Amino acid sequence: MSEYLQQIAKRRTFAIISHPDAGKTTITEKMLLFGNAIKTAGTVKAKKSGIHATSDWMEMEKQRGISITTSVMQFPYNGRIINLLDTPGHEDFSEDTYRTLTAVDSALMVVDAVKGVEDRTIKLMNVCRLRDTPIVTFMNKFDRDTRDPLELLDEVENILKIKCAPINWPIGMGKYFKGVYDLYNDEVTLFETGHGHEIYPYKKIKGLANAKDAIGIDLYEDLEMEIDLVRGASHEFDEQEFLEGNLTPVYFGTALSNFGVKEMMDGFTRYAPAPQHREADQRVVAADEQKLTGFVFKIQANMDEKHRNRIAFFRICSGKYEKGMKIFHERTGKQMQISKALTFMAGEREQVEEGYAGDIIGLHNHGSIQIGDSFTQGEKLKFKGIPNFAPEIFKRVKLNDPLKMKALQKGLVQLSEEGATQVFKPFISNDLVLGAVGVLQFDVVAQRLASEYNVKCSYEGVNVTLARWIFCNDEKKLNDFKKKYEVNLAYDGAGYLTYLAPTGVNLQLAQEKNPDIIFSATREH
């Protein structure tokens, strides 16, 4: 295999999906520890501690102590090059989180075993479903009193509609947690407390029967029964089913104590796919093609007054990036030279000399790049599957100075192109309605309008709870629909027709009465 093909085969690009506080920051940090990216754990402290996590970029993040941005961390592990895309887990996450999942080849789902499957996890899994993304699952916090592990598997299968194949099985929980049993290698790994900040060689015992003394007779007998039950009731791991997104291998452990993370990482790097082919409007692009192609899935604005630059996060789909090369910007039809692309290591920006399929690089953007833009070495290609997602929270924009209306409109359209918010102009009023997935997006927009466009605004409530993009092939039916429902209709910042529903019932009725109209929760960029 050539050096070029080896480089592609090494790449594993994934994101972690979880509900806030399920342990995502902790597990990220342990991965960096195993990848020698940090020397001791505890440097990516939870945000409450005052030591900021390595992925905090914006000032607002530091003030609020949450990770708004989707940063990228690259590190080596087991002969692989891991690209981990960090997704905000906080309540105030945004569409960026959803869109990041369009740039990965697989995902790690972290479940808080005390609480089970939670709301945010369900939403993120629905996004993974759009592309049948392969999922690995880590059941976290077994050093606490958790839910019954069989119950947890049932919940994942029933709520998330994915088959579970446990790879190992917990021995006890909480203060009686003794370790995990590997169902495929007949091996017990014994748990000890106090080793969370280091890579510790936990003791392993080959053969379940040989671990009887170490785990105690009561737990041993319970475990034997549970294993029989698990083997009978759960699914065998099947690599093809996993790659098709139908089945998830499940690992148990506690990220805080750095226990079970290595086993999960070993399994992940073994089974997770290398960079996959990507669909473009014109054709399918294979990862091992020689020419560079890729797309922008996120734009990171720097809130630092001194540096107004923005970074466009670019997923390489094929070919090799080399410093100083020229690329073709499909939307504008212009050539662009990349003199200083960035690579990301846990929040430190470094200039990158080369990149391969699966890698994420940062392009300096002075306003010409938008989310969803495709780049090639000359071919007209537009990658599919980088959607806008319907907002879930809406507010009306109130301008402090009415003379600044033009600047406000310009600012909002530009910020919507960047993915910071979505803007809607209703048919029957001069209002501007903003839509977002997370509350914090409204603060970000107000702050950026003030600093970049010199426009001060505030927000007030608006009678909208849901938005759906409207599509219809029959022009007459579409025109009839527009007349009948003009009170609910608006155009978004890019000029797409949108239905703004005051209630879920209102939307349901409109859908039932208009079977030929498509009400879509996503639209392509």
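Think of each number as a place in line: the chain as shown, counted from 1.
Placed from the backbone N, Cα and C atoms, the Cβ positions cover glycine too.
As written in Swiss-Prot, here are the features:
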- 9-276: domain 'tr-type G' (DOMAIN)
- 18-25, 86-90, 140-143: GTP binding site (BINDING)
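Reduced to three states, the DSSP call for S18 (GTP binding site) is strand. All protein chains considered, the CB of T87 (GTP binding site) has 25 other CB atoms within 10 Å. Residues belonging to the domain 'tr-type G' (9-276) score a mean pLDDT of 86 in the model. Of all Cβ atoms in the protein chains displayed, 26 besides its own lie within 10 Å of the Cβ of F142 (GTP binding site). Within 10 Å of the C-beta of K24 (GTP binding site) there are 25 other C-beta atoms, taking all protein chains into account. Residue environment of S18 (GTP binding site) contains 23 other Cβ atoms, counted within 10 Å of its Cβ in all protein chains. Under the DSSP three-state reduction, K24 (GTP binding site) is assigned to helix. Secondary structure from DSSP puts T87 (GTP binding site) in coil.
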